[in-house]
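According to TrEMBL, the domain 'Ig-like' annotation covers 1-75, 80-166, 185-271, 276-420, 424-513. If you look up TrEMBL, you'll see 526-624, 629-726, 731-825, 826-921 marked as domain 'Fibronectin type-III'. Under the heading region 'Disordered', TrEMBL lists 608-640.
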């Protein structure tokens, strides 16, 4: 509904009186205690939802007439609490869909919905499987999983009052009678058949389906028109959102829910409506007395608007037009409300309109002056019927002071304004087409001449879209340093930067623009539609379609392949060997039979190689008989009367077909016929032939072949291996054992002949254990070695030692057992009271003699370890005294450590001693220190015995 009013009054200036209506009934503030008027404002205290809700309208009137305001609706937002009774459990099978109802309480005002899972603040997150309708508040789970079991609570928020209430929890439990099978989508959330949408508003429609597997949700227009960029299709939440709805957005939309079991659709129409908009409305007019008046009132809108006229707040019986037979008004010319603009600017050569709109009734005469002279009309200068002055093709002499003079029978009035003529803005940069290569940088010029008194504003557009400098990844930068230059630079140009660039220049009097086309050359785009047309056991014929050449012709194509066995994509051999840029087919050769291949194509031009195409569908080459035999065929070992043959399995990609296996052929060395055995397993790597007639360590000739479903392949080369041998039949003799220290024993024996009656000796096993120990420790030697050192034994302990020869069949007979007692452990006490003093370039070390305990070996000497830094290996010197004298290089720091030793080995070390740097040769004095610090050292030293042990 449109109100067409003929006049607007400043009500406060004419002592207006105000009154209000509620739902069309006048409000009397004196009779309603909580209503009061303050000026024209209506104040309502202690609002009551039932009594005060409705439509309000203000009326203002004075001696000139009455006007009415627009209608205003007063509504009350509220929300009650949920009913507190408990909700029953919802029981479903795993894989089944489910809907949990919210059932919001009584309310007024828009609501939003969310759901709590088990306890706050764990909210249900929407995804392709879970959806919360903002229309009903219900929670939809497309396919229930075990992790969904729990309590669900609907949370409702009133967007006006910001209050929030929670419903009672709904338990979701799984049934124990099986899992739901797959089924096609069932659309549970669907939008109405017709949705009326206001112009410029945002519309959201919902669609969600239950199903197993979880359905995908897609949207489309039934007329096939693609969505514009403003449309937000949130597939994860099943919502189609169209902001700023326009006429072109109206139409029928379809929601498609689809999974592997089928698809379902739902359609709905979005209908456009627009509020009424006046396109022709009454204007204030002044008419002579007794003249007639017609006012037109026209509006657009959908649906078609209706009209009504009001005079002084009362309805008139009129529709589109208002006719007034006789008008009565008398006003002398008055410019107080419509002065001429004080300054009007126009560019040289442009057109300008200077408005003259005095208030007078009846309408009189209008004349113009320039300066003090009456303005004469010409082919460029004209005074319009409404009094306005038009000047066409303005020139510099047209500048000056202009005065409009209005006259009628009641008086004369005038108003003046200055016209300024400015130089036009001209872009001096000619239009152009620029050609660049990806990765380069370029300056787009935009230089102008202009009136120096006017400020310039440069604006750039790319493909009709405004360029926001600072965005676009920093590619665009303003570089026009001069006031009259708006140049921009595009850095590191990419293919997406190709297009039309427009520089628009604007001043207060004119605007002008110029466009340049930017062609970006780069490597070709990826080829498309890669198809395997034909495939054999070792070849594949491919076809493809070219991608964009990006303004540089394609010169060659490269084909790559990938298999489950390759390390990424690999270049392949083709026929022709060089695939030219005009070819869209090629044959790949030298492929492996019975292997799944994917192919892709890359295009190259003079600039470089582009991105690869999407891979083709997987295609398996055909089967053929195998060509590759096993590698590293060998054998030997095993048990008595066995011939053990081993090999490395042939990789799957070289098996050439299904049903792959091995053929093992063997014969005694020198025989003519072959014995064969099939091993029907592609992963097998061993075959054992057992026969009592096989002599130990007998030579056999062996070869291994291959076969598959397509037939037999070749045999590998013939090699010689030996059958299983017997354990050595004799025991070593002359066993000797000697304690080297508290932790080491040396064992020696007499070697056995290497080959006696097919019983080889590959080495010896030395075992030792203490009395009452059940398990012995064993170490092996290799070859004809006749001694071994056993380390890690304990001091002052008796060990029992045996030696046996061994070969691939195992260990032979044990030798006689010998025993040996290890030496006493070395001294456990470290050297104490280590003292040092320096004199000139020498250092003297002294320490207290270490005394061995009763169960320890006697001290026979000391080892002095020294080094120059903490990380180097120490040097070692031995002495049988408790004092050494060292000659030290000057200006070095040293670390020293001392440890005793005896026949039981090395004892505990002293703590580290740090010798600081000794001053140069001219220094005088000495230093003495008793060290209890730990230290290691490195020095070049000499020593003199001071005290004998």
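Here the Cβ of each residue, glycine as well, is placed from N, Cα and C on the backbone.
In terms of DSSP secondary structure, the domain 'Ig-like' (424-513) contains 6 helix, 42 strand, 42 coil. Confidence annotation: the domain 'Ig-like' (80-166) carries a mean pLDDT of 91 in the model. The helix, strand and coil residue counts that DSSP assigns across the domain 'Ig-like' (80-166) are 3 helix, 36 strand, 48 coil. For the domain 'Ig-like' (276-420), the number of residues in each DSSP class (helix H, G, I; strand E, B; coil) is 3 helix, 74 strand, 68 coil.
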